[in-house]
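Take a look at the structure below.
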Amino acid sequence: MNTFHYRQGELYCEDLSLAAIAQHYATPCYVYSEAALRERYQSFSKALGESTLVCYAVKANSNLAVLRVFAELGAGFDIVSGGEMERVLRAGGSPDKIIFSGVGKSSAEIRAALSAGIVCLNVESAAELWRIADIAADLGLRAPIALRVNPDVDPGTHAYIATGLKESKFGIPMDAARALYLEAAQHPALELKGIACHIGSQLLNLAPLAEAVLRVRSLYEDLSAQGIILEHLDLGGGVGIRYHEENPPSPADYAELLEQALGDLPVKRAVELGRALVGNAGVLLTRVEYLKDNGSKQFCVVDAAMNDLLRPALYGAWHDILPLRQGTEPEQVMDVVGPVCESGDFLAKNRVISAASGDMLAVMGAGAYGFAMSSNYNSRPRPPEVLVHGHQHRVIRRRENGDDLMGLELL
Ligand SMILES: Cc1ncc(COP(=O)(O)O)c(C=O)c1O
Ligand SMILES: N[C@@H](CCCC[NH3+])C(=O)O
């Protein structure tokens with residue numbers, strides 16, 4: 001699907017000119033395509049089939065309107081906080097399709113999740129397991145749980161977003177998990193539902209995931225042999241997307257991997273996809289304030305910054321930057337930088353760009369971990385978010401103003 005495309009020199013989102021949107025809402029501004037959200041979810045859910053619950057990993061983009069699109073499509077949700085659970089429920093998500101991951105669930109979050117009746121808590125340590133058991137017993141419930149195992153495989157991604165290596169804080173080592181299942185099976189307030197695993201994000205090569213899935217399978221078989229029959233295997237998220245020249249796995253590649261590894265088991269599956277569902281459904285629009293020549297270095301100073309899109313500063317991540325109107329300015333090699341007082345505040349380094357002051361640009365691939373990781377650093381209001389549907393656009397989160405930035409403080 002060609003969500004963002006040029007028509008007569010203007011960049012469009014679906015049937016709307018992004019320049020017109022930038023003029024309407026001012027910049028910086030996030031824009032998402034509803035058609036792209038739907039298409040990405042449907043292609044994964046179709047490829048993976050009915051035996052797999054496709055959960056949307058809310059952390060990637062937790063806007064209520066985005067969540068509502070996925071809820072309407074029947075998605076499950078992978079959450080990592082009580083706040084994310086509130087948002088999913090507010091957007092119409094069903095508790096019986098919510099999975100709760102994360103290494104540091106508080107007692108209040110566990111109590112809220114159990115009371116809401118979510119389908120499974122993915123447990124990350126023995127200490128957390130016994131806390132969940134105590135809270136469930138106190139509530140007079142049985143807690144539905146999976147242990148998140150750490151398969152110790154190298155996902156071949158950026159170190160900050162690799163989660164399945166033994167030195168990472170996530171999951172329980174396989175042998176410890178095996179023993180913990182046997183103990184947990186004796187506890188009356190625990191209901192053993194499945195096994196969970198997630199090895200990292202922006203996976204471009206499926207071989208490490210295949211290895212992890214085989215380790216999960218082996219644990220499932222061991223437990224079955226000991227009389228512990230689990231209902232589901234949650235294989236996590238992490239399918240990568242194309243930001244620049246990557247060649248990410250397709251939904252069909254991913255489905256084939258799961259089918260080959262698990263197709264003969266009488267067990268349901270869940271996946272937790274974030275970036276693959278929303279990453280290329282969104283852009284960040286920005287305007288060029290100044291071109292600046294420091295002699296040896298050229299800068300394109302724009303009105304979006306690391307507080308709006310942190311990925312380049314945090315991971316050195318590449319995002320394509322395209323003009324909203326293809327112009328005639330000569331191309332130059334420039335750093336695209338924002339107004340924030342940090343030398344790490346850049347959206348691109350040494351990029352060939354044709355731009356003049358006042359031009360508008362789109363930072364591509366900004367639908368995942370864009371607004372979700374934004375902040376008010378330098379007391380900058382966070383940008384609005386806009387959803388496009390065919391010829392229509394609507395604001396789905398308004399721009400923050402000075403009152404938003406000071407409203408919670410006491411002099
Ligand atoms: C447990 C868990 N599930 C799902 C995801 C979603 O990852 P992605 O956006 O790469 O699909 C993450 C993030 O890495 C995660 O930690
Ligand atoms: N924030 C990361 C992904 C983190 C995945 C969550 N475990 C990124 O932008 O690539």
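Placed from the backbone N, Cα and C atoms, the Cβ positions cover glycine too.
Whatever TrEMBL says is automated annotation, not expert-curated.
Note that this is a predicted model, so its numbers are computed, not measured.
The feature active site, proton donor is assigned by TrEMBL to CYS341. CYS341 (active site, proton donor) carries neither a helix nor a strand DSSP state and counts as coil. Its Cβ taken as reference, CYS341 (active site, proton donor) is surrounded by 9 other Cβ atoms within 10 Å in the chains shown.
All chains included, 30 other C-beta atoms sit within 10 angstroms of the C-beta of GLY238 (pyridoxal 5'-phosphate binding site). What TrEMBL records for GLY238, GLU272, LEU273, GLY274, ARG275, TYR369 is pyridoxal 5'-phosphate binding site.
Under the heading substrate binding site, TrEMBL lists ARG275, ARG311, TYR315, GLU342, TYR369. In this structure, ARG275 (pyridoxal 5'-phosphate binding site) is part of a helix by DSSP.
The domain 'Orn/DAP/Arg decarboxylase 2 C-terminal' annotation in TrEMBL covers 29-367. The domain 'Orn/DAP/Arg decarboxylase 2 C-terminal' (29-367) scores a mean pLDDT of 96 in the predicted structure.
What TrEMBL lists as domain 'Orn/DAP/Arg decarboxylase 2 N-terminal' is 36-278.
Neighbours of LYS59 (N6-(pyridoxal phosphate)lysine), defined as other CB atoms within 10 A of its CB across all chains, total 22. Annotation comment: TrEMBL describes LYS59 as N6-(pyridoxal phosphate)lysine.
Once the Cα atoms of GLY238, GLU272, LEU273, GLY274, ARG275, TYR369, the listed binders of pyridoxal 5'-phosphate, are compared pairwise, the greatest separation found is 15 Å. According to its DSSP assignment, TYR315 (substrate binding site) is helical. Local packing around the binding-site residues ARG275, ARG311 was summarised as the count of other Cβ atoms within 10 Å of each Cβ; on this measure the leading residue is ARG275.
Between the listed binding-site residues, namely TYR315, TYR369, the fewest other CB atoms within 10 angstroms of a CB are found at TYR315.
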